[in-house]
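What follows is a short report on a single structure.
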Amino acid sequence: MEATGDEALIPHDDQFVVPPNGNVNEMLNVDHEDNVQGQMEEFLGPQADYNEEEEEKKYYRRKRLGIIKNVVAASIGAMIVYSVYMGLLQMQLILHYDTTYREVKYSNLGLQDIDQKMLMGINVTPIIGLLYTPLLIRFLGTKWMMFLASGIYALFVSTNYWERYYTLVPSAVAIGVAIVPLWASLGNYITRMAQQYYECVNYKEEHVQEQKKLPKGACHSYIIVFQSVFNIIFNLSFVFAEFPMAFVLNSVYLHDNSHVLAQVKHCGAKVTGLIPGFNNTVLKKLPSSMLLIKAESVLMGFAFLSMIIFLGLCGAAYRPTEEIDLRSIGWGNIFQLPFKHLRDYRLRLLCPFFIYSGFETLFAISGFTLSYGVCALGLNKLWLLIVVYGLSASIFSSLSLSLLRLPRWVCLISGAFVHGVLVVVLMAFSPEPNRLKYEGPLLVISALWGLGTALNKTGVSTLLGMLYAEEKERLDFVYTIYHWWQAIAIFIVYLWYGLPMRAKLSILLVTLLLACCCYWVMERRLAKRVPFRLPRIPRPRHKVKGYRYLEEDNSDESDSERSEEDDREDEREEDDCDVVQNLDGEERDQEGWYQGANSPRARRRGAEGRGQDDARVNERDGEI
């Protein structure tokens, strides 16, 4: 029977009908799967030309370069901030001092009274910096604290576009609030970069991979180098701060010396105050408003540039998990810990050096340059004296690199010796007013004072970093104490405005001698391995919500019960139990890193704990 056109022929049962291209498609699919699998194995498998050790070296080399970039960026940012701030403040005070400028531009405004309130806000407000600085640094983070502080300095620049009481005074108070947090953050940041650089160099070490405490003295060389680099760059701020004086308020607008110093009778050591008899009219013609606006706009641009540098070029000082741990110890503990760190005899004995560090810098840029320099050479030479001082401080900051080979006391004691000799010389030096023949000796004294400043500033910062190099969770407290004492010193200098010059120099000399004696006592105690007290930093308490992972202790324990037990345990341990550090350099655990306690109660608890452990061992032996 023939099939129709629409019907297919049905073959017999013993015949096998092969589907069209069936086996060919299956073979193609199998070949395709094998090909994909081979490509995946080739992609995921070990590469013949891949060297894991070499790639690891490249990674840590990039990280080291990034850390160096962070140090240089932070130094340049701080240098720009203070160049803008000091340059604007100097130009502002000179303009407001001139009687003609005040009467013509701001007749009824009372600019002198506003300037006094500004200086009071800048110098008095930092006194309370110890109360809030650690809280701000822990809350914002070190990098963001530097960025916010630079923004406050930029705010101060912007208020000079509209000079009124309600703009200038609040911005000056804001600067006073930001001084201690900014400097504490900078000191903490530079030291943390040195610690991170050590970790990147020794990334194969076990204690680095497990993020344990660094060995004693491991990163001291990096701290010395980074602190030197920071001070070399930052001290250039004294040079750039004189650019507004050199290019805006220059000899075109300033009166000559015969007019400005006409009523001045004495200079130097014979002076009481700053420059008695200094003329109230220092400008022979007023600078145009457009010129001042252009100058302030340039300064404003550099202030924004410093903010961008801090924000874009400076990396984080801590890992995200470390920053969380730093905040999680409790805000009350963060508030108390700076005061508790003063129990450490190392910090107590360094406090006179902290105070002298604030004295000598402010005396150099105000007392010496005005009562000696301007009084003898005139206002036209003010910028030259400060430029020489800044260049000297910047160049000689590199001398601190000698600490890589010499003992750490060399830097501080050398700077103290230079300043001590200069203070004695200044007590006997009284130049005559308006005599250019004193220009050479005054420039030499300014350069030598910059030498002492370089050794002092770099030496103190480096010493603090070396003493607390292994305590990264304490750096913000330590540098807060340092710069808070500096702020106290600046406030004292603000108060001694009307004292005789010899009285000011006597205070400087007594403070310097006391600082050297206290530092000698500290080094002697450390050489004798006298243990020092450090407050215990509580363990971080993370608030975990949601699913709880099972624990071996008690998986049914609630978070509230656990936190209550932790509180009771911390209270028992905190009860007059301070850490007593030993100087043997032994590695300590995160929870059991203290070696003793001063209180009898703590020793009694340790004996009871050992007794309970012995009892458990005896019971276990009896059961066996």
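Each residue, glycine too, has its Cβ placed from N, Cα and C.
Just so you know, TrEMBL annotations never went through curation; they're auto-generated.
Copied over from TrEMBL, here are the features:
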type: TRANSMEM; residues: 67-88; note: transmembrane segment
type: TRANSMEM; residues: 118-137; note: transmembrane segment
type: TRANSMEM; residues: 144-162; note: transmembrane segment
type: TRANSMEM; residues: 168-186; note: transmembrane segment
type: TRANSMEM; residues: 222-241; note: transmembrane segment
type: TRANSMEM; residues: 298-318; note: transmembrane segment
type: TRANSMEM; residues: 349-370; note: transmembrane segment
type: TRANSMEM; residues: 382-404; note: transmembrane segment
type: TRANSMEM; residues: 409-430; note: transmembrane segment
type: TRANSMEM; residues: 442-469; note: transmembrane segment
type: TRANSMEM; residues: 481-499; note: transmembrane segment
type: TRANSMEM; residues: 505-522; note: transmembrane segment
type: REGION; residues: 548-624; note: region 'Disordered'
type: COMPBIAS; residues: 552-589; note: compositional bias 'Acidic residues'
type: COMPBIAS; residues: 605-624; note: compositional bias 'Basic and acidic residues'
Segment proximity, the transmembrane segment (298-318) to the transmembrane segment (118-137), 3 or more C-beta pairs under 8 Å: no
Contact between the transmembrane segment (222-241) and the transmembrane segment (144-162) (at least 3 Cβ pairs under 8 Å, separation 6+): no
Segment proximity, the transmembrane segment (298-318) to the transmembrane segment (349-370), 3 or more C-beta pairs under 8 Å: no
Per Cβ pairs under 8 Å, the stretch of 67-88, 298-318, 442-469, 481-499 packing most closely against the transmembrane segment (409-430): 442-469
Residues of the parent chain within Cβ reach of the transmembrane segment (298-318), under 8 Å, 6 or more residues beyond its termini: 66-67, 69-70, 73-74, 76-78, 80-81, 83-84, 87-88, 141-143, 146-147, 150-151, 153-154, 157-158, 188-189, 192-193, 244, 326, 472
